[in-house]
Amino acid sequence: MAKNLSIIDRAIVGFDSSLRAIIPHSNQTARPLPVSSDALPQLSITESRHVAGLMRINHTGEVCAQGLYHGQAFTAKDDLVKQAMQHSADEEIDHLVWCETRLDELGSHPSVFTPVWYGLSFGLGAIAGIISDEFSLGFVAETEAQVSEHLQDHIDQLPEQDTRSKEILAQMNIEELEHREAALNHGGKALSAPVRISMRWMANRMKNLAYHL
């Protein structure tokens with residue numbers, strides 16, 4: 001269907017997707033929260049602040065995923081790769097909304113730097129797509145692998161009674177690994193050690209800032 005759109009139409013659709021990624025409460029999810037109970041866990045003030053910081057990091061990660069996928073789809077050379085990027089971005093919208101919902105429940109908010117995170121990620125995704133589809137897909141695979149690592153770390157850090165956040169992050173982790181496999185199956189190549197290390201360094205800076213702001 002996207003093939004029938006004019007350049008202007010694609011630009012409008014892309015701009016709309018970008019706005020939805022950075023404006024709170026502008027997306028709807030086709031799937032409910034992946035939780036077994038609607039009851040909110042009882043948390044102390046300190047626990048609530050820590051959980052909010054972790055969920056803000058995860059929300060920021062989903063914003064970055066949107067930027068990355070949108071940027072790669074914008075410059076990808078192969079139509080199948082573009083479709084794969086868009087499909088993954090669509091699934092990540094659910095993750096974005098789930099994190100946003102949990103932040104609301106905690107009386108907190110997304111990172112104030114959300115537009116910056118999105119813009120930087122879009123640029124990285126676009127550059128990766130320009131280099132080659134194989135590099136772009138490898139970039140996705142490595143990103144998802146690193147996201148899975150920090151999701152598992154966050155699950156371990158959550159208070160024992162906060163099964164709500166744990167279930168959300170556990171489902172996200174399953175799907176992040178599926179996106180990694182999809183990227184590899186579409187031809188993604190392993191990245192060099194310097195690129196992987198640089199990605200991890202940038203991700204750590206983002207996490208440190210997003211936890212507080």
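Each residue, glycine too, has its Cβ placed from N, Cα and C.
Remember, it's a predicted structure, so these values are computed and weren't measured experimentally.
Lifted from Swiss-Prot, the feature list:
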type	residues	note
BINDING	Glu62, Glu92, His95, Glu176	Fe cation 1 binding site
BINDING	Glu92, Glu144, Glu176, His179	Fe cation 2 binding site
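Recorded residues His179 (Fe cation 2 binding site) and Glu62 (Fe cation 1 binding site) have their alpha carbons 13 Å apart, per Cα-Cα distance. Close to the recorded Fe cation 1 site, the chain also has Gly61, Ala65, Glu91, Asp94, Leu96, Val147, Met172, Glu175, His179: residues not among Glu62, Glu92, His95, Glu176 whose Cβ is within 8 Å of the site's Cβ mean position.
For the pair Glu176 (Fe cation 1 binding site) and Glu144 (Fe cation 2 binding site), the Cα-Cα distance reads 6 Å. Within 8 Å of the Cβ centroid of the Fe cation 2 site, not counting the listed residues Glu92, Glu144, Glu176, His179, the chain contributes Ala65, Ser88, Glu91, His95, Val140, Thr143, Val147, Glu175, Leu177, Glu178, Arg180. Here Glu144 (Fe cation 2 binding site) is positioned 11 angstrom away from Glu92 (Fe cation 1 binding site), judged by their C-alpha atoms. Under a cutoff of 8 A between CB atoms, and with a sequence separation of 6+ in the same chain, the neighbours of His95 (Fe cation 1 binding site) are Asn58, Glu62, Ala65, Met172, Glu175. Around Glu144 (Fe cation 2 binding site), the same-chain residues at least 6 positions away in sequence with a Cβ under 8 Å from its Cβ are Glu176, Leu177, His179, Arg180, Ala183.
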